[in-house]
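Here's the structure, in structure tokens; my notes come after.
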């Protein structure tokens with residue numbers, strides 16, 4: 001078999017079920033590479049009924065013969081890393097010798113978290129809905145060339161000088177602009193010395209490791225976080241994350257050449273969800289706190305257990321948006337789609353799919369680039385018949401209800417991409433592979 005470099009990305013607003021699919025496919029790879037985002041991601045894996053939630057470490061860590069790389073596109077929170085390593089090793093998994101970290105990873109430090117939270121508070125009802133974990137401010141420091149990187153932990157005297165300079169700037173912003181408490185230098189400096197003990201032994205030249213594995217003919221998996229519609233450039237700006245969540249980010253965020261990427265698998269929920277603020281044309285509004293709103297929105301949220309793995313926040317739920325998926329197919333160059341959570345729709349009498357928007361009396365078949373324009377569109381739906389029977393655990397195409405097959409084929413037509421994998425439940429075993437990405 002010829003080696004394959006597979007990229008796995010979310011095609012919606014995140015929470016599509018990427019972790020399960022990466023874990024499923026990692027029995028065929030030598031390493032899994034995270035290439036963007038930080039510990040704001042929450043990848044939930046269920047294996048033999050046991051649930052594991054990962055925020056930073058690649059999902060391949062649960063397979064003991066798979067190495068895990070954290071690429072330069074990831075912003076690294078040392079405390080989150082330490083906690084996750086400890087939790088995994090408490091279960092008997094050996095983590096540290098299999099985890100390699102790029103020395104170019106920007107570090108998320110206490111002042112990034114303080115800034116993130118102060119900004120969200122200042123935005124009031126215009127809040128973006130960040131996780132408040134310092135992701136955005138850390139990426140800002142990277143682009144402004146004042147960020148501290150994982151490799152800086154190798155030289156503590158230089159690190160101390162860089163930290164003092166960075167903290168002067170950020171504490172000035174915190175105290176004078178946001179009227180918030182400053183971050184204490186001595187406390188953070190002591191933490192950084194402990195961070196070095198944890199991280200420095202795991203530092204590695206990730207682009208070189210990727211190149212060596214490719215030359216040896218080994219398969220690699222590149223694991224995205226969040227989703228395409230949260231991409232800093234292609235998403236519903238400014239209600240986006242601070243990194244490139246699309247397939248192109250796999251190259252810039254890890255150091256692999258783009259021509260080395262062989263297959264782009266887009267993880268796509270059979271309906272739509274979104275966390276936080278921002279446009280969502282197909283939303284079925286329901287508030288779990290008051291138990292008020294749309295009945296189907298409630299059912300999707302309840303059956304789909306739509307609460308964030310990282311924050312616990314209620315996810316907004318809605319019908320499948322094929323307009324948004326067309327954009328995802330374009331900007332990712334999707335080879336195939338993995339459709340997840342089909343079973344959540346099992347008890348619906350009818351299922352709607354948004355096939356186009358209407359704006360100013362015109363049909364719109366691709367999403368607008370700005371959030372302001374996005375808020376003005378109206379969804380146009382096609383209605384399909386539900387199947388009213390369980391699809392949980394179905395492991396063959398022929399065993400699917402006829403109406404479910406019709407729904408899947410309809411989505412394929414509207415997206416312009418073939419469904420290659422079907423997830424019929426949370427467990428690793430509840431998956432139907434229609435087209436093997438490693439065999440294409």
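Just so it is clear, glycine is given a Cβ too, placed from its N, Cα and C backbone atoms.
Per Swiss-Prot, active site, proton acceptor is recorded for 15, and the stated evidence type is sequence analysis. Among the features that Swiss-Prot reports, active site, proton donor is placed at 43, with the record citing sequence analysis. Marked as GTP binding site by Swiss-Prot on the basis of sequence analysis: 14-20, 42-44, 315, 341-343, 423-425. Taken from Swiss-Prot, the feature Mg(2+) binding site applies to 15, 42, supported by sequence analysis. Summarising the annotation, Swiss-Prot assigns IMP binding site to 15, 16, 17, 18, 40, 41, 42, 43, 131, 145, 226, 241, 313 and lists sequence analysis as the type of evidence. Residues annotated as substrate binding site in Swiss-Prot: 309, 310, 311, 312, 313, 314, 315.
Cβ neighbour density within 10 Å is lowest for 313 among the binding-site residues 20, 313, 315. Between the C-alpha atoms of residue 315 (substrate binding site) and the residue listed as 'active site, proton acceptor', the distance comes to 9 Å.
Closest in space to residue 131 (IMP binding site), of the binding-site residues given as 17, 20, 342, 424, is 17, taking the CA atom of each residue. Ranking the binding-site residues 14, 17, 42, 312 by C-beta neighbours within 10 Å puts 14 at the top. Around the Cβ of the residue listed as 'active site, proton acceptor', the number of neighbouring Cβ atoms within 10 Å comes to 27. Counting other CB atoms no more than 10 Å from each candidate's CB, the binding-site residues 40, 131, 314, 424 peak at 40. Residue density at residue 342 (GTP binding site): 24 other Cβ atoms are found within 10 A of its Cβ, drawing on all protein chains shown. Packing around residue 226 (IMP binding site) is summarised by its Cβ count: 28 other Cβ atoms lie within 10 angstroms of its Cβ, all protein chains included. Nearest by CA distance to residue 20 (GTP binding site), out of the binding-site residues 40, 42, 312, 313, is 42. When the binding-site residues 40, 226, 312, 313 are screened for a Cα within 10 A of the Cα of residue 14 (GTP binding site), the ones that qualify are 226. Ranking the binding-site residues 40, 226, 312 by the distance of their Cα atoms from the Cα of residue 424 (GTP binding site) places 226 first.
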